[in-house]
Amino acid sequence: MSATPLVSQVDSHNPEKSKLIPPLLGASVAELSAWVQQQGQPAYRGKQLHEWIYDKGVRSLADISVFSKQWRAEVAEIPIGRSTLHYRSVAPDGTVKYLLRLTDGQIIETVGIPTFAERGEGPKARLTVCVSTQVGCPMACDFCATGKGGYKRNLARHEIIDQVLTVQEDFQQRVSNVVFMGLGEPLLNTENVLAALKSLNQDIGIGQRSLTVSTVGIRDRIRQFAQNNLQITLAVSLHAPNQALREKLIPSARAYPLEELLAECREYVEITGRRVTFEYVLLAGVNDLPEHALELSKCMRGFQSHVNLIPYNPIQEVDYKRPNRDRIEAFVNVLKQQNTAVSVRYSRGLEADAACGQLRASKN
């Protein structure tokens with residue numbers, strides 16, 4: 001009996017009407033149960049298969065010992081959807097950068113970010129994974145390394161989920177948080193990002209509020225994303241408090257005026273009840289002046305929002321610099337005086353080129 005491809009979308013009342021496509025990673029218990037039944041196996045095998053994929057990290061169906069040798073041989077060629085490790089580097093702060101090779105030979109980057117106990121000793125209190133959603137990035141933000149290598153393609157659902165399992169297996173600790181802040185623009189790959197979010201929540205057990213999707217802002221996509229009524233965190237890469245400066249830093253902003261972006265963010269808050277986080281990379285002498293902070297505070301008025309300031313992480317291709325601490329504190333103080341919720345994030349993984357804005361899917 002030859003194996004049928006994976007059930008990717010299942011009508012639980014009529015499994016035979018389901019669309020069948022491989023690979024298996026990203027499939028739910030219901031999907032896997034429907035698939036094994038199509039192979040002549042009992043439904044409970046689907047739950048076993050789910051456990052082996054997500055909990056045991058199996059990479060080939062041929063290695064699942066609870067199944068008969070005959071059936072394993074029949075389905076051995078059906079892919080689970082795991083990548084191979086191309087490169088791994090560790091920063092002094094414990095952050096790990098991974099380059100993963102996909103089945104078509106493309107390379108993507110993933111980062112594992114452990115948070116330790118207060119003194120930096122003992123078990124890791126939290127493990128965050130920064131995942132990529134595209135091979136490369138088409139947005140070409142002026143200060144970011146990710147877009148310098150160009151854009152190749154979207155990642156499939158399984159290629160996003162695989163990054164989380166890779167980090168989880170390497171650290172031998174369950175992942176607590178996932179941030180979609182790696183290579184690519186998530187809202188240009190909405191279908192696969194939504195499917196990955198669902199699987200990370202339901203199959204791997206990561207709470208929705210521990211999932212963050214970052215976007216530079218794509219016209220109408222934030223509104224569409226809100227319709228899914230997820231309880232994830234939306235992070236918008238703003239980086240400038242006015243349209244003119246934003247266009248210089250983010251070329252795609254020319255097609256999406258700041259006022260329209262902010263209007264969509266307000267709609268997102270109204271629909272989901274969740275505040276929006278605005279990421280703002282501080283560039284010395286470019287967007288870090290007190291008047292910029294005052295403009296930024298005005299953008300935040302009228303809806304639930306939080307500003308996350310990120311002091312710039314240098315890359316070789318451009319001459320931007322990180323502001324000194326006095327300049328950063330002055331910027332923060334202006335925002336606080338305007339009652340704008342604000343925090344400063346000093347990025348982890350700087351020495352491994354794994355910090356915010358440094359990801360490029362290369363060893364250097």
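Cβ atoms here come from the backbone N, Cα and C positions, even for glycine.
Marked as active site, proton acceptor by Swiss-Prot: E109. The active site, S-methylcysteine intermediate annotation in Swiss-Prot covers C356. If you look up Swiss-Prot, you'll see C137, C141, C144 marked as [4Fe-4S] cluster binding site, on the strength of sequence analysis. The annotation S-adenosyl-L-methionine binding site is assigned in Swiss-Prot to G184, E185, S214, S237, L238, H239, N313 on the grounds of sequence analysis. Annotation source Swiss-Prot lists disulfide bond at C130-C356. According to Swiss-Prot, the domain 'Radical SAM core' annotation covers 123-351, on the basis of sequence analysis.
Overlay of Swiss-Prot annotations on the structure.
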residue	record	Cβ contacts under 8 Å, 6 or more apart
C137	[4Fe-4S] cluster binding site	C144, T146, G147, Y151, L183, G184, E185
S237	S-adenosyl-L-methionine binding site	C141, S214, T215, V216, G217, I250, E279, V281
L238	S-adenosyl-L-methionine binding site	R246, F278, E279, Y280, L296, C299
H239	S-adenosyl-L-methionine binding site	C141, F143, R246, L249, I250, E279, Y280, V281, N287
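Shown are the recorded positions C130, C141; of these, the residue with the fewest other Cβ atoms within 10 Å is C141. Spacing of N313 (S-adenosyl-L-methionine binding site) relative to the residue listed as 'active site, proton acceptor' is 17 Å (Cα to Cα, whole number). The number of other CB atoms found within 10 A of the CB of G184 (S-adenosyl-L-methionine binding site), across every protein chain shown, is 29. Neighbour count (other Cβ atoms within 10 Å of the Cβ, all protein chains): 22 for S214 (S-adenosyl-L-methionine binding site).
Averaged over the domain 'Radical SAM core' (123-351), the predicted model reaches a pLDDT of 94. Overall, the recorded S-adenosyl-L-methionine-binding residues G184, E185, S214, S237, L238, H239, N313 cover a maximum inter-Cα distance of 19 Å.
Here the Cα atom of C130 (disulfide bond) is found 9 Å from that of the residue listed as 'active site, proton acceptor'. Neighbours of N313 (S-adenosyl-L-methionine binding site), defined as other CB atoms within 10 A of its CB across all chains, total 21.
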